[in-house]
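The feature site 'Important for autoinhibition of adenylyltransferase activity' is assigned by TrEMBL to Glu48. The domain 'Fido' annotation in TrEMBL covers 98-188. Summarising the annotation, TrEMBL assigns active site to His177. Per TrEMBL, ATP binding site is recorded for Asp181, Gly182, Asn183, Gly184, Arg185, Val186, Ala187, Arg188.
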Amino acid sequence: MFEFTNKIKECDELKVELDSFRPFSPAIVNQLKGYYKISLTYTSNAIEGNSLTESETKVVVEDGLTIGGKPLKDHLEALGHASAYDFIYNLANAKKEISEEEILRMHHLFYEKIDEDNAGKYRKVPVFVSGTDYIFPAPDTVSALMKAFVNAIAGQRKKLHPIEFAAWMHNQFINIHPFVDGNGRVAR
């Protein structure tokens, strides 16, 4: 715990330093948004086995081009992730508390071109992660668990440090595993 506390303190110090450069110009904000959109799209998809490189992800997302020899699904994942990134970016800028509707919308944006039947819908079947013994909640409990999760967000945000809050949200969401696929991407 001591090491984690030190890392939080270090992050707080870096944030103070970063904040000393604010406000950023609109050009810098756009540049950072573009960088993070591509970087997060690439890394989140790579974790899940997507074969696009970061530069290929940039070409697919920004130029709308396809990459020869790469699966169509990989292209659709990149486009879906980028679309969901834009959605969550706008939600964050609106300083609006996240709701179930926004979580479902984000998942829909990820998967609408990959799995239309399950995109933006809570799972109706049991799920498991290969190589683990963890048992996720039964499908008929997902909706109630998600309501409780969303209702707890505001209180946890007030109580926890932003880094601890992000970890709490990720952990809660992943443990519920509300979707057939895409839980990690939505959580990230």
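Each position is counted from 1, following the chain as shown.
The backbone N, Cα and C atoms fix where each Cβ goes, glycine too.
Feature annotations (TrEMBL) mapped to structure.
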residue: Glu48; record: site 'Important for autoinhibition of adenylyltransferase activity'; DSSP (3 states): coil
residue: His177; record: active site; DSSP (3 states): coil
residue: Gly182; record: ATP binding site; DSSP (3 states): coil
residue: Ala187; record: ATP binding site; DSSP (3 states): helix
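Listed in sequence order, the residues Ser44, Glu48, His107, Phe110, Phe179 complete the 8 Å Cβ shell around the ATP site centroid, once Asp181, Gly182, Asn183, Gly184, Arg185, Val186, Ala187, Arg188 themselves are left out. Each residue contributes its Cα atom, and for Asn183 (ATP binding site) and His177 (active site) those atoms are 6 Å apart.
If you take the Cα of Gly182 (ATP binding site) and the Cα of Glu48 (site 'Important for autoinhibition of adenylyltransferase activity'), they are about 9 angstrom apart, rounded to a whole number. When the alpha carbons of the residue listed as 'active site' and Arg185 (ATP binding site) are compared, the span between them is 11 angstrom.
The Cβ of Asp181 (ATP binding site) lies under 8 Å from the Cβ of Tyr111, Asp115, Asn118, each of these being in the same chain and 6 or more residues away along the sequence. Cβ neighbour counts within 10 Å, taken over all protein chains shown, single out Val186 as the most crowded of the binding-site residues Val186, Ala187. Inclusion criterion for the binding-site residues Val186, Ala187, Arg188: a C-alpha placed within 10 angstroms of the C-alpha of Glu48 (site 'Important for autoinhibition of adenylyltransferase activity'); this criterion is met by none of them.
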